[in-house]
Amino acid sequence: MAVLTENELIEIRRHLHQNPELALKEFDTHRYLLEVIGKLNQKYLELKTIPELPTALLVRVIGSEPTKTIGYRTDIDALPVTEQTGLAYASKNPGVMHACGHDLHMTVALGILSYYSEYQPLDNLIFFFQPAEESENGGKLAYEQKVFTDKWRPDEIYALHVTPDLQAGTIGCRLGTLFAGTTEVNIDLIGKGGHAAYPQEANDMVVAAAQLINQIQTIVSRSINPIEGGVITIGRMSAGTIRNVIAGKAHLEGTIRGLTQKMILKIDERIKQVAAGIATSFNAEVKVELNQGGYLPVENDPILTEQFINYVSKNPDLNYVETEPAMTGEDFGYLLSKIPGTMCWLGVEDDSQLHSAAFTPKEAAIKAGVEAFIGFFNNRMEQKRRTK
Ligand SMILES: CC(=O)N[C@@H](CCC[C@H](N)C(=O)O)C(=O)O
């Protein structure tokens with residue numbers, strides 16, 4: 001197979017879209033990626049799998065006159081969302097959907113890789129097909145398995161994320177922080193169950209959970225600088241079994257976001273204080289579990305990002321806009337804390353937001369994403385020689 005055409009890439013994207021898999025369970029996705037990559041010209045390619053992280057895949061393209069190794073990362077997992085797009089190629093896996101665009105991310109990576117499998121790059125390239133971006137810290141897990149060592153260590157690393165808010169194919173980026181850092185929060189309230197008719201004999205954790213959720217929301221409005229901003233979303237709660245039994249336990253799951261590590265730690269601290277206060281006032285027990293994992297703020301490297309922005313903004317074939325920082329999280333932030341690099345947005349123009357069951361990204365963006373990165377990488381590889 002030669003360089004993948006736009007139609008072939010769309011076919012690949014639709015296959016990936018139909019077969020989404022959750023974090024760390026991306027076995028069919030991994031097999032399919034190996035199948036597609038196996039059909040490319042193998043002359044310059046080397047593959048690496050990780051026994052401890054079996055759905056991850058690294059592909060190295062050997063450069064002709066390497067002075068550096070450039071990394072490119074795509075995430076491969078999907079979300080527990082029941083698709084409602086009505087598309088002919090909608091998810092075949094009930095309750096699982098590529099609602100965050102990782103199907104497009106993988107397709108763009110394959111497009112770039114297929115180009116360099118035919119046109120040998122000057123520098124080495126490493127493509128990292130990363131499991132578990134939505135949860136479970138796939139980037140951090142891989143890094144801790146010492147995957148990026150010796151010839152498999154990129155000197156710089158890049159990634160993109162699709163956004164429905166920009167026109168299809170537009171590249172958005174910024175110097176500084178692009179995405180927030182996040183912390184997952186789990187809270188368990190433990191009181192005493194009982195008969196609905198005798199509240200005085202029980203200790204109702206539905207009421208305690210309701211109070212806790214409301215009070216947590218005052219952290220953002222009352223405890224943090226509005227200019228700096230932060231987000232706390234409780235996305236899941238469970239309590240009770242039936243209407244006429246008072247629930248003795250409640251469980252809440254949420255996510256905390258902030259653009260700096262300092263802000264995240266401040267919100268973490270306030271949540272612990274508020275939860276302890278509610279527990280005291282309800283005479284209940286509370287357990288707060290906070291887990292940031294690898295979801296550090298995505299901080300773009302100043303020098304590499306300036307070069308990236310210079311390239312895309314001056315290229316007449318590309319559309320570029322400077323974007324605001326976003327409260328979405330990305331474990332690419334962890335990789336960027338270890339390896340300098342840049343993350344950008346790729347516009348896919350849609351009325352539905354990321355993580356929505358109706359999310360329908362425009363496939364025209366695939367070609368634009370592939371071309372932007374091939375152009376930038378070629379320019380970057382030549383530039384190093386021009387300035388040598
Ligand atoms: C781009 C995007 O939507 N990323 C996710 C990943 C964050 C996961 C994290 N473990 C958390 O929910 O805190 C997002 O929700 O922003």
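From the backbone N, Cα and C atoms, a Cβ is placed for every residue, glycine too.
Quick look at what TrEMBL lists:
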- Asp75: active site (ACT_SITE)
- Glu134: active site, proton acceptor (ACT_SITE)
- Cys100, His102, Glu134, His161, His355: Mn(2+) binding site (BINDING)
- 182-275: domain 'Peptidase M20 dimerisation' (DOMAIN)
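Here the features listed in TrEMBL are placed on the structure.
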residue	record	DSSP class
Asp75	active site	strand
Cys100	Mn(2+) binding site	coil
Glu134	active site, proton acceptor	coil
His161	Mn(2+) binding site	strand
His355	Mn(2+) binding site	coil
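Proximity note: of the listed recorded positions (Asp75, Cys100, His161), Asp75, Cys100 have a CA within 10 Å of the CA of Glu134 (active site, proton acceptor), given in sequence order.
Residues Cys100, taken from the recorded positions Asp75, Cys100, His102, are distinguished by a CB atom under 6 angstroms from ligand 1.
Neighbour counts of Cβ atoms within 10 Å were taken for the binding-site residues His102, His355; the minimum is at His355. The two recorded residues, Cys100 (Mn(2+) binding site) and the residue listed as 'active site', have Cα atoms 10 Å apart. Spatial neighbours are here defined as Cα atoms within 10 angstroms of one another, and by that definition the neighbours of Asp75 (active site) among the binding-site residues His102, His161, His355 are His102, His161. The Cβ of Glu134 has fewer other Cβ atoms within 10 Å than any other of the active-site residues Asp75, Glu134. Compute the center of the Cβ atoms of Cys100, His102, Glu134, His161, His355, which mark the site for Mn(2+); besides them, the chain residues with Cβ within 8 Å of that center are Asp75, Ala78, Leu79, His98, Ala99, Gly101, Glu133, Leu354. For the domain 'Peptidase M20 dimerisation' (182-275), the number of residues in each DSSP class (helix H, G, I; strand E, B; coil) is 37 helix, 34 strand, 23 coil. In sequence order, Gly101, His105, Phe179, Thr328, Glu330, Met343, Cys344, Trp345, Leu346 are the residues near His161 (Mn(2+) binding site), counting only same-chain partners six or more apart with C-beta under 8 A.
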